[in-house]
């Protein structure tokens with residue numbers, strides 16, 4: 001078997017990279033009232049699906065809760081493949097047993113609307129059989145696939161951390177706002193109490209002064 005030309009090698013590498021980088025992925029941020037479902041098609045059995053979500057905030061600045069939301073994942077046959085309960089954030093993966101459309105359903109038990117950051121990615125190693133048989137191409141394709149998977153893992157973790165950072169920033173802002181409002185309320189209550197106290201003292205002195213004149 002002859003050594004492949006550089007032109008063939010470069011074309012094969014480019015084609016391989018295009019296929020690897022075109023793996024299906026979805027990252028969205030949405031507002032949920034009670035229930036929201038999403039569908040994602042997985043074309044191959046044995047693929048690994050990476051999933052993460054973070055409850056970013058509630059619609060009311062006075063609300064703070066660790067109750068979280070529920071997420072149920074079902075395969076094309078309706079069988080449950082994953083279940084997260086009462087979590088403000090979660091990150092997991094599962095292997096596809098049945099190719100087809102998978103459903104991801106969120107349930108919000110809180111009386112408030114929640115903003116959720118949701119990320120799903122399907123990891124699939126794809127080789128061209130006509131080239132994979134060539135001992136010159138197979139190791140190269142394998143290394144490219146490993147590099148692409150490592151790159152995605154970094155992006156997946158980065159997206160997860162960014163969502164967690166956004167959530168913490170919003171929580172800190174809401175806590176600071178509540179602290180300021182509480183301080184203003186306490187100051188107003190103290191001023192009101194002082195005014196009432198001065199008024200009562202004046203009334204008391206006026207009564208004593210009136211009784212002494214008599």
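For all residues, glycine too, the Cβ spot is worked out from N, Cα and C.
According to TrEMBL, the protein has these features:
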type: SIGNAL; residues: 1-27; note: signal peptide
type: DOMAIN; residues: 35-122; note: domain 'GOLD'
type: TRANSMEM; residues: 183-201; note: transmembrane segment
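If you average pLDDT over the domain 'GOLD' (35-122) in this model, you get 89. As a summary of secondary structure, the domain 'GOLD' (35-122) carries 0 helix, 58 strand, 30 coil according to DSSP.
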